[in-house]
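Enquirer: In case it helps, Swiss-Prot gives these features for our protein:
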- SER122: active site, charge relay system (ACT_SITE)
- HIS236: active site, charge relay system (ACT_SITE)
Amino acid sequence: MIVEKRRFPSPSQHVRLYTICYLSNGLRVKGLLAEPAEPGQYDGFLYLRGGIKSVGMVRPGRIIQFASQGFVVFAPFYRGNQGGEGNEDFAGEDREDAFSAFRLLQQHPNVKKDRIHIFGFSRGGIMGMLTAIEMGGQAASFVSWGGVSDMILTYEERQDLRRMMKRVIGGTPKKVPEEYQWRTPFDQVNKIQAPVLLIHGEKDQNVSIQHSYLLEEKLKQLHKPVETWYYSTFTHYFPPKENRRIVRQLTQWMKNR
């Protein structure tokens, strides 16, 4: 439910931008909405950002990139960010911010209700997994780009994030295993009904490609539709030209689903 909608300066004449304040489990959470300026009915695109706090913040240029392909895009900032209420979590209670954002797109007058896609980058990958599980057949597709799928693996791989993870999650995977398991929903992947696309650079050192391998394997075991675009020379951040090309390709992939 939208509490407030304010115009935000857009560098593109083809896309209108708004900052949105919406309700998520009673909290006022902020996000960025992009609408194509041309009137019409569009697919919805839930953009789930990476990072935490000021790292990996939602960038208007990135949102416009996707909206320009013919989508109404909504990107939640997550609770505790940019004036939003509550404390930021890490694929914990903040999953509700993604669920509520999906429902917000369902209620948008210019969005085709049965054509809402989930996109997650980096930390947004696990947020997308959780949302695809929660929404089941309501989601048209799910794309994870350099996405996290396993929080214990993230803790092991990213020594630089351990302090933050212990603070936000409440301890180490050994101390609070149930908290990490709750945030790593492999046991519920059977509830995903949307076709899945996994995009990953094999040289990614922020989120190792192991995360995509694990999710791919799980989906295949369950005979779920999954496609993979793995790039042997790319890291977590793809070169700009390739990035733009893949944006066009993945949005076309979504529309074909």
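Glycine too: its Cβ is placed from the backbone N, Cα and C atoms.
As the structure is a computational prediction, the values presented were derived from the model and not from experiment.
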Enquirer: Give me the count of other Cβ atoms within 10 A of the Cβ belonging to SER122 (active site, charge relay system).
Expert: 25
Enquirer: Relative to the Cβ position of HIS236 (active site, charge relay system), how many further Cβ atoms are located within 10 Å?
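Expert: There are 17 such Cβ atoms around HIS236 (active site, charge relay system).
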Enquirer: Quick one: Cα separation, HIS236 (active site, charge relay system) versus SER122 (active site, charge relay system), in Å?
Expert: 8
